[in-house]
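Record features, source Swiss-Prot:
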type     : residues     : note
SIGNAL   : 1-20         : signal peptide
DOMAIN   : 38-131       : domain 'CTCK'
DISULFID : Cys41-Cys90  : disulfide bond
DISULFID : Cys55-Cys104 : disulfide bond
DISULFID : Cys65-Cys125 : disulfide bond
DISULFID : Cys69-Cys127 : disulfide bond
DISULFID : Cys87-Cys130 : disulfide bond
Amino acid sequence: MSVLNTFLVIVALILCYVNDFPVTGHEVQLPPGTKFFCQECQMTAVIHVLKHRGCKPKAIPSFACIGKCTSYVQVSGSKIWQMERTCNCCQESGEREATVVLFCPDAQNEEKRFRKVSTKAPLQCMCRPCGSIEESSIIPQEVAGYSEEGPLYNHFRKSL
């Protein structure tokens, strides 16, 4: 069993709404005043399309973790010269594995006409930390060159 050279296409609904109408897709441009929200992180039924070169694609029902989680940056309550950061992502909590057989009509020998591939799906979904952020990897806007472009440019006092 192998997932080598196997491609996985996920067909899923993105659980977001614009003015109470469901929308799908990854990118939405919104006019000012538009109400936009996405559902919390949850396990969602999807269709996985398993593909392997020389084999017929096979659509299988599965699950994916889809939804929003809270992330923020704010001034520290105890040390106002520091920022507190938290980044949470909708991720799996445990996984299940399944073996699927793909039909490969162009295979040279009879043995390889049916290829076993492994696929995985989440058992549960939850908001979990995305990963740690090293303080040294965060570049202040002034260093990155964005400070004069932002809406807060004149809000903060410049230090000499």
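Counting starts with 1 at the first residue shown.
Cβ atoms are placed via backbone N, Cα and C, with glycine included.
Assigned with DSSP, the residues of the domain 'CTCK' (38-131) fall into helix, strand and coil as follows: 4 helix, 61 strand, 29 coil.
With the fewest other Cβ atoms inside 10 Å of its Cβ, the least crowded of the disulfide-bonded residues Cys87, Cys127 in this structure is Cys87. Under a cutoff of 8 A between CB atoms, and with a sequence separation of 6+ in the same chain, the neighbours of Cys65 (disulfide bond) are Cys41, Gln42, Met43, Thr44, Cys90, Gln91, Glu92, Pro122, Cys125. The disulfide-bonded residues in question are Cys41, Cys90, Cys104, Cys125, and the one with the fewest Cβ neighbours inside 10 Å is Cys104.
Nearest Cα neighbour of Cys130 (disulfide bond) among the listed disulfide-bonded residues (Cys55, Cys69, Cys104): Cys69. All protein chains shown were included, and the count of other CB atoms within 10 Å of the CB of Cys130 (disulfide bond) stands at 14. Residues near Cys55 (disulfide bond) in space but far in sequence (CB under 8 A, at least 6 apart, same chain), listed by position: Leu102, Phe103, Cys104, Arg115.
Note on the domain 'CTCK' (38-131): its mean pLDDT in the predicted model is 86. Recorded residues Cys127 (disulfide bond) and Cys87 (disulfide bond) have their alpha carbons 9 Å apart, per Cα-Cα distance.
If you take the C-beta of Cys69 (disulfide bond) and look for same-chain residues 6 or more apart in sequence within under 8 angstroms, you find Glu40, Cys41, Asn88, Cys89, Cys90, Cys127.
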